[in-house]
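One structure is given below, encoded as structure tokens.
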């Protein structure tokens, strides 16, 4: 775990505090994550795990979290402005905007999803920066009209196969109910 988190060089260094100099802030953050991961939890929830880390350490930490997820744990974290290298490590994405789910599903589907909804990501542009730009500059009403906020009718994975308005899906993309109620039948 020390090597995976890039902490081998400070393994014998005191953590430190206000009065005693110890490891750096980035090392301290990675240490606190490592302390939680060492017990092999079934669920890992982190708030801004990469804030305060340099880009190399941020990618390294996300790769460790990905290994934890691949080993069977559920890993969920919030992150506000990931570098493109960090964004490219994401498997799944849930984008919230003004308390609503703007999109959810495989991170690899984000470019097609935004293009399908009239906001293609420019070439050589960090997808996370483009998402933030759209979320902050386009009104909620215009995002609604463009087809964002799929929790109301579809998930990111289904953006190319638009379901009927009556079809609802859960976060895993499973159909909650597949047919509209027929009037007068009581079903």
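Each residue's number is its place along the chain shown, starting with 1.
The backbone N, Cα and C atoms fix where each Cβ goes, and this holds for glycine too.
Residues annotated as domain 'ABC transporter' in TrEMBL: 2-51.
Note on the domain 'ABC transporter family G' (80-141): mean pLDDT across this stretch is 90. The feature domain 'ABC transporter family G' is assigned by TrEMBL to 80-141.
Taken from TrEMBL, the feature region 'Disordered' applies to 152-187.
Residue counts for the domain 'ABC transporter family G' (80-141) by DSSP state, with H, G and I taken as helix and E and B as strand, are 27 helix, 13 strand, 22 coil.
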